[in-house]
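I have placed the structure first, in the form of structure tokens, so that the comments after it can refer back to it.
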Amino acid sequence: MINVEIVRHYNKWREHKQINKSLIKKITQNILLRFDNFSKIKQFELSILLTNAAEILILNKQFRNIEKATNVLSFPSNELNWQDLYSKLEFLGDSDYMHLGDIAFCYEVIYNESCEQYKTFENHFIHLLIHSILHLIGFDHQNDTEANIMENLEIEILSYFGIFPPY
């Protein structure tokens with residue numbers, strides 16, 4: 001079971017009815033089912049903030065010391081490493097509950113990027129959601145090897161949902 005909490009701090013998000021708990025749960029489940037190590041966990045939790053440029057700028061400055069709005073910020077609750085996800089190690093312990101983390105999305109930046117990249121707002125949001133969830137479970141793109149692994153997984157998941165890959 002995946003519990004999703006959505007907080008909307010910007011009314012423009014309400015125009016996109018497809019961006020809802022059901023969509024977020026479906027994508028999260030698709031990602032988690034790819035890794036056997038998550039199979040023992042019965043309940044996952046994920047918090048989503050749908051906000052605007054002013055608020056995300058404050059969060060970006062506070063947590064990353066970058067004074068500019070960004071499309072999305074991910075705050076993992078656990079320090080996971082993507083390499084552990086592919087091993088049979090019991091890296092999650094015996095817990096049957098896991099809070100994946102928090103994700104904050106910025107409406108204006110996502111809107112502008114989707115227009116510039118000739119994508120629908122919803123498809124761009126889905127790509128950023130996939131990217132962010134992968135960050136929450138330990139994926140990163142600090143070097144070319146990690147970036148390629150993460151991008152290939154994103155492409156695979158996007159294709160599953162019928163979305164043309166951006167790379």
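Positions of Cβ are set from backbone N, Cα and C atoms, glycine also.
Marked as Zn(2+) binding site by Swiss-Prot: His131, His135, His141.
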Cβ packing number for His135 (Zn(2+) binding site), 10 Å threshold: 21
Please compare the binding-site residues His131, His141 by how many other CB atoms fall within 10 Å of each one's CB, and tell me which has the fewest. His141
Would you identify the secondary structure of His131 (Zn(2+) binding site) according to DSSP, in three states? helix
On the three-state reduction of DSSP, what should I expect for His141 (Zn(2+) binding site)? coil
